[in-house]
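These come from TrEMBL:
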- 365-388: transmembrane segment (TRANSMEM)
- 409-480: domain 'PAS' (DOMAIN)
- 409-427: transmembrane segment (TRANSMEM)
- 482-535: domain 'PAC' (DOMAIN)
- 555-780: domain 'Histidine kinase' (DOMAIN)
- 800-916: domain 'Response regulatory' (DOMAIN)
- Asp851: 4-aspartylphosphate (MOD_RES)
Amino acid sequence: MFENCFSFNRLVLCMQLRHWWMCFWHVRVLLITLLLQLLFLNSLSATVNSPHILILNSYNQGHPGTDSLIQGFQRIITEKIPEAQFQFEYLDSKNYSGPLYDESLFQLLNYKYKNRPFDLILASDDYAYNFVEQNYAALFPDVPVIFCGTNNFDINRLEGKNNFWGVDERLSFKKTVGLIFRLFPATKKVIVIHDTSITGTLNSKAFRTEIGNYEKQAVFDYWVDQPLEVLLENIQNLPTGTAIIYFTSYVKGLSGEFHNNYDALKILSAASSAPLFGFWEFGLNHGFIGGKVMKLSEHGALAGQIATKVLMGEKNEIKSKLYDSPQIYMFDDVKLKQFSIPDSKLPKGSIIVNRPPSFYQQHKVTLFAVLAFIFGLLAVVASVKFYTSRNMIVAYRKQLLTEKALQREMAFSTTLINTAQLIILILDVNGHIKKINPYMESITGYKETEVKGNDWFDTFLPPADNTELRAKFRKTIANIDVNREIYPIETKDGQQLMIEWHNNTLKDEAGAVLGLLSFGIDITERMQIDEKRQELETQLNQKHKMEAVGVMAGGMAHNFNNNLSIILGNIELAQKKLPENIEMVGYLNDAKIAVLRSRDLIRQIMFYSRQDTQYKTSIQLSVLLDETLQLLRATLPATINVQTTVTEDGRNATIHADASRLQECLINLCNNAMQAMDEKGNLTICLKTEDVQKEDIPSMYDAHPGHYAKLSITDTGCGMAKETIEKAFDLFYTTKPVNEGTGVGLSTVQGIVNQHNGLIKVKSHLGEGTTFDLFFPVTAQPQVSAPKNSDEEEYKGAERILFIDDDEMLADIGSKMLTEMGYQVTMVTESQKALQLFMTDADSFDLVITDQTMPLLTGKELINKLKQIKPSIPTIICTGYSSKVDKAEAKKLGADAFMMKPLELSALLQIIRQVLDRKKE
């Protein structure tokens, strides 16, 4: 029985072991498969993600600065991307330079790398960057470029370069020079040693810009490109009170050979009794006493961090296109002791190198052994105590971790506040200033120490906004939602900045409000740009409206003149049919005068509103003034008394001008006068001539001494203050409320007067009115022959006239008028029919008179076709108004005359006779 039980149990055990072994076998196969897959993927990743980086070094291998910089760059890259491959090119720009060398270098790199793609380019120092920038499209199109070691780089050069990032060397010239006078107050002379390489030239320019007022404390003597032998001779026996600043990239000998910067520094430092200051860490062991220096390895490391993000596809995490290189105060202990400078005089946080080891450093091993023994004993005691106070230790550890986390958080917050490019402001519950960040200091001109504890509203806000913003502040503190608002602040010099604020209350653990944290963005420039854009949009819309009005007015003028032509024609026909001695003729004369006045008024309106190009001609200014006043009297209120005085010489004054532009000036100034008088007062306009001397002409005008027509416009309005007069002609300046003026009227007037070689003078006093004097140079009056007395009898004829107008009434009255004078008239109301008629028998007509604005064929098109059929046919083109034809265009077309409707019979007959007689000749 026991044997059976034992056998059964052994069988069960064997089966279980077999099951476990099969499970283990499957697991082992699975693990081996996973391991092989990982190895394959790793191999594939290494093959695919092996970036190729080309490093362009401006100098030669062994240069102390760039070697350290590139080592820092490589260190970061290989830490993040171990499989990265580097290719080096040393451009040796301190030995070779110039256009020929640049071209040779381009040909060499093009030959070597034309068919070899790179994932990233590193350009070290200015020469390499300039070379890459110039040849980027040809050598490295679309390849990301990281640059470093450049000096005082202009960030505007990166505009449009989406694949460029860099770290710039902006050496701390000002702080290091300030350090010289702090450590050596008796300094009277500072010798500056530098070279004329690209880097040296950029640094020299920045140095001279930054030292500023320090030039008043000491004499700065610049030793540029001096050979080492000359430097060595000059640097010996320098007078007391001399300091040396050294930022040359290389030093040559008299024979032209280059000396290593390390060796040159050692030689010069050993020969000079004066302290030697520099800006790079590598000089501290070779003669520099110190300064605010740049660790080029860290400079390169920062460039490496940017490059890593680019290579790993994290470009969006790069916060800036251009970074400044980190710098720190560092000093050589040997030199500090040589010049007896205590540590207390050095800036806080300074690093001192070459200091002899301390007691701790000399006996570190022994001390560690003793401390290890002591800590061993303490560990025994602590382990015993651990079991008795475990909860206390756990609590302490949590507290320690919390404190460290808080310290890290505080450090991060401090860094954020000090470097953020936006305003950070903290107020207590009473509105007193607790904190402002450096950015706010820089834009307002106030230091935190000046305003801390002050009332925010009295210190920074304009008085007009004070009450309203205090009320908003109380709402915010009371947890009433006022999270975003825009209001201005005043800087120390009185300038106003418009700020967009985002507010959050600060609370303690219990939820009680402690104060207000506000973030501010300076939107002053953005708002100014928006205002200018709105002004320009308003002007553009107004221009489009005026153009539309001009087009509409042209169409109305055409129809109106056609109607006037019908009225005038019927009046003149009626006059011919009636005896001259009856009373009805007088009525018709009055009606004719009214029609002609209406015609002149329409012409003046269209003359002023037209948008086409105008030309200067000789005009009589008094005539233009009369025409303009006719227009103005229709718009000026009856409460304004207009008085005009024109002297005899003023009435005869002729000027060379664009009549429509001058009319625009007069209307502008008269409208301004009306508004200044609040539509009630006296407007006086005077025209005379006057001699202008050279001393009478302000500098902003192109006028010359001579005889001028003087047009004065005087109002009895409110007048202007001196400050307003000075700005009156500025573009967009206006004293009118918003939406009641654009500020372009007077600037336009000034521009028009200047175009006519004239000038403007303004006389005004508050409450006493304003006078604008416009001066235009007088030209010689043209000799005009006396007009002949028109006798309708001599203009009669029997020629055959084809008369075309799409207005049937107008065509009919024209036909009747000409028939009355003996002419044989064929009247047509469709231009196509007229063309067919002419094609049938062109010799049946001696003259064609056609309207311009007609359907199917315009007058211009019709004349063109008629001239093709019979080039010698005389033609006259008429129009009520058209932007397509004028006197000059008609002449260009080949028409013999051009007439504006309405057509007065006497004028029409005279033109017809002139055209026909000219053809006979």
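Using N, Cα and C of the backbone, Cβ positions are placed for all residues, glycine too.
Within the same chain, residues 433-440, 443, 456, 473, 499, 506, 515-522 sit at least 6 positions outside the transmembrane segment (409-427) and bring their C-beta atoms closer than 8 Å to a C-beta of that stretch.
All chains included, 27 other C-beta atoms sit within 10 angstroms of the C-beta of Asp851 (4-aspartylphosphate).
Counting residue by residue with DSSP, the domain 'PAS' (409-480) contains 42 helix, 12 strand, 18 coil. Residue counts for the domain 'Response regulatory' (800-916) under DSSP, helix first, then strand, then coil, are 56 helix, 24 strand, 37 coil. For the domain 'PAC' (482-535), the DSSP counts in helix, strand and coil order read 12 helix, 29 strand, 13 coil.
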